[in-house]
Amino acid sequence: SYGYDEKGGVSVPGPMGPSGPRGLPGPPGPGPQGFQGPPGEPGEPGSGPMGPRGPPGPPGKNGDDGEAGKPGRPGERGPPGPQGARGLPGTAGLPGMKGHRGFSGLDGAKGDAGPAGPKGEPGSPGENGAPGQMGPRGLPGERGRPGASGPAGARGNDGATGAAGPPGPTGPAGPPGFPGAVGAKGEAGPQGARGSEGPQGVRGEPGPPGPAGAAGPAGNPGADGQPGAKGANGAPGIAGAPGFPGARGPSGPQGPSGPPGPKGNSGEPGAPGSKGDTGAKGEPGPTGIQGPPGPAGEEGKRGARGEPGPTGLPGPPGERGGPGSRGFPGADGVAGPKGPAGERGSPGPAGPKGSPGEAGRPGEAGLPGAKGLTGSPGSPGPDGKTGPPGPAGQDGRPGPPGPPGARGQAGVMGFPGPKGAAGEPGKAGERGVPGPPGAVGPAGKDGEAGAQGPPGPAGPAGERGEQGPAGPGFQGLPGPAGPPGEAGKPGEQGVPGDLGAPGPSGARGERGFPGERGVQGPPGPAGPRGNGSQGAPGLQGMPGERGAAGLPGPKGDRGDAGPKGADGAPGKDGVRGLTGPIGPPGPAGAPGDKGESGPSGPAGPTGARGAPGDRGEPGPPGPAGFAGPPGADGQPGAKGEPGDAGAKGDAGPPGPAGPTGPPGPIGNVGAPGPKGARGSAGPPGATGFPGAAGRVGPPGPSGNAGPPGPPGPVGKEGGKGPRGETGPAGRPGEVGPPGPPGPGEKGSPGADGPAGAPGTPGPQGISGQRGVVGLPGQRGERGFPGLPGPSGEPGKQGPSGSSGERGPPGPMGPPGLAGPPGESGREGAPGAEGSPGRDGSPGPKGDRGETGPGPPGAPGAPGAPGPVGPAGKNGDRGETGPAGPAGPAGPAGARGPAGPQGPRGDKGETGEQGDRGIKGHRGFSGLQGPAGPPGSPGEQGPSGASGPAGPRGPPGSAGSPGKDGLNGLPGPIGPPGPRGRTGDAGPVGPPGPPGPPG
């Protein structure tokens, strides 16, 4: 978007500043250590579409030929930019559930490719050539070699090769190494005097290429970084028009990488042991003192620039490796106390300067800038004094006026007359009082661009001024709050770290009542990492006797995840839960990979042209840039469209016809008058409210050519470049319009005089002066870019590469943010019927009953139903006694005490298994802990072999031809050429008619 400056003018956005260094990774959080799941099958390498062609570089000049003047020396090479700092580690996913399956073999980590060198210095701009037609599409570049692999891990057994799966997700880019030491900037040599230009000689043959300089030793490989989260696909950019290939700049040196950290000890897999209590958390150790930086390495000699090699074809994708065998399950270790943090080591000495990397491909063409505002016209200066009049000629005899004749042909240009003396310059008038500001007039038409003047002498580079005060604008009102964002996706499962040493086993206390959930405290400092070894598993005890059935205990801890049961019948869909409150913002994620370029969006509507603003103050001249190497010859441009015809002026009133006077002598040219005083600037307008961000409009018309900038300093003398290829011949120019007729009316024909004597041949005429170069016409509009051609067919798949070796497991990442509570699951199907239990032991033998009727006891209270006892043996039947008389009914007695509980009966048969209970709600995930300390970087493995180059795809169809480009601006007027040789004398003309008699 465009802003408004203090004077109400539209400010064009400046170029984007350089990216700041990336911060160091934060420490990992103290979250629980998750177990690693089985590794996914490796995806096939994707073959993404080739990005759009970069913007054209500026056309270079032809090298000096023959005995030409000395070329300027090339500018000094700037110091290499610092290497970016290591990126933040990506956030790890939620810890996985502890399973009974063993750890699977890890795939070897792919080494990071070395960082690309800094972009070379831009080439010096060549002469403005006309834009050429679009060239054929170049061959795809050679596929880069893969980076060094990680250290060789224990290789699992090769499994059977599975079917080719879909391509896997793109892995995150590893963090760049630590920045290398910046080399000292060499002192600039003295500026040599510019030699006089000699005559243009015959173009010489290109000399043999110089010997290549010794390449500096390569820097240490960068450490493998933490995997970062994949970034979202960027918005589709506007495809730039294809341009000419720019000159390849020198590559910067590669900075040294940090030393690899030590590899942690791996625990021996053992049998599952009992889970011990968690040890106490250790106090963090003191921070070590940072050591002094090491000395800077020597700068290698720069070798001669070699000829570019042919572009290779992309190699075939590698074959997908088979899955590794699963390892033995490891025992659940007990988390031990964390040791103190180690001291920070002093940085090592800077490595030797690496060999320069290849230059990166040019970026996409940026959007054309907005058309500049038309400046206010300057006030006309006062007229100069008129020179003294020349001597009046003698009046001729006026002839009879003849009829107006037809327009004659343009006569031969006569010899130029002598230049008159310059008139005296007039005195500058006094500056008048500034008048009131006038009303804003309508926007004037764009004036024609003037011819470019000759470059002035190089001025000294000015010092940078102090930063000006802040403008009088006020801060905009805050916008409305946006809608809440979507919940983040759960992160990927982290890699398991090394097992800690077992802590001391404490006595198990009684389980208390569950208390209320307290407020979460601030996260404590991250403790050091334990380094103990795995303990031996304990012996399995003998099964104990079965005890009596106890009372139901409190709800136990969540058990380990059991094996997956049979799929239950689908239940009814549950009601969707309420949306929870928005959680606290998580830590800043690592920068993602650059997304693929999307299709070009439709062109937006043409924006309205803004009102012309006040003329701004001229800014100070910027510092002179370094002189770049000469670029390649540009191709001739296409013919531009004819410009619009100018508007016809108003016809003036016809004046009276005056008598035809004799032509007077040529007067002296008056001196130009002084420049008028500059008007005072109007008051600044009020700052408006910030407008809404508009859509990107179509490219506006090209602006007028700006004034030439100050010339840069004379560069160092460079070597003679190779001879460029001869460009195609340009189109012939159009025939210019006929010149205006000469002054004066056509005279009446005179009478024929007598033939005179043949005259002698006249003296040889002098060569005419060089005519003034005419003003350039208005620049035509730029044509629309042609449609892109179809993409070529993909290359055939090459042979598979060798499978990589397994790398060491990386450190565990912090747990992810808490996700929303899940919906209740569907009711599962009833489980299978259980097996019948074992028969219980026989109960004790019952007492033998007494014979005879007992006395009627008081009715006791019903006791608790005891278990069914064993059937007693029948006693001997007693003799029947005489029946007594019936007594009176007594009152109801008091309730007797409960009788003793009978012996425990035999265990009954196992009943049918009950229905499976409804699945409970899923608990809330824990909050994310603070990031833990960065893990030690893994060792970089050897570089894999590059695959063979695939066949070249068929060429794409040619795109539709674009409109004719614009005519380039006229170059500066060159120095006067050598004086031509004297022409040969022409043949003697025929004798003239005789003259009049004397």
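Cβ coordinates come from backbone N, Cα and C, glycine included.
So that you can see what the record holds, here are the features copied from Swiss-Prot:
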COMPBIAS  9-22  compositional bias 'Low complexity'
COMPBIAS  62-76  compositional bias 'Basic and acidic residues'
COMPBIAS  146-164  compositional bias 'Low complexity'
COMPBIAS  318-327  compositional bias 'Gly residues'
COMPBIAS  371-397  compositional bias 'Low complexity'
COMPBIAS  406-425  compositional bias 'Low complexity'
COMPBIAS  484-493  compositional bias 'Low complexity'
COMPBIAS  653-665  compositional bias 'Pro residues'
COMPBIAS  725-734  compositional bias 'Low complexity'
COMPBIAS  746-758  compositional bias 'Low complexity'
COMPBIAS  853-868  compositional bias 'Pro residues'
COMPBIAS  904-918  compositional bias 'Basic and acidic residues'
CARBOHYD  Lys98  O-linked glycosylation site
CARBOHYD  Lys919  O-linked glycosylation site
MOD_RES   Pro698  3-hydroxyproline
MOD_RES   Pro975  3-hydroxyproline
MOD_RES   Pro990  3-hydroxyproline
MOD_RES   Pro993  3-hydroxyproline
MOD_RES   Pro996  3-hydroxyproline
REGION    1-998  region 'Disordered'
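Distribution of Swiss-Prot features across the structure.
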residue: Pro975; record: 3-hydroxyproline; DSSP class: coil
residue: Pro990; record: 3-hydroxyproline; DSSP class: coil
residue: Pro996; record: 3-hydroxyproline; DSSP class: coil
Pro975 (3-hydroxyproline): tally of other CB atoms within 10 A of its CB: 7
Count of other CB atoms lying within 10 Å of the CB belonging to Pro990 (3-hydroxyproline): 6
Spatial separation of Pro975 (3-hydroxyproline) from Pro993 (3-hydroxyproline) - C-alpha basis, Å: 46
Pro990 (3-hydroxyproline) versus Pro996 (3-hydroxyproline) - Cα distance in angstrom: 18
Distance from Pro975 (3-hydroxyproline) back to Pro990 (3-hydroxyproline), taken between C-alpha atoms, in Å: 41
Pro993 (3-hydroxyproline) CB neighbourhood, other CB atoms within 10 A: 9
Surrounding CB atoms that lie within 10 Å of the CB of Pro996 (3-hydroxyproline), all protein chains: 9
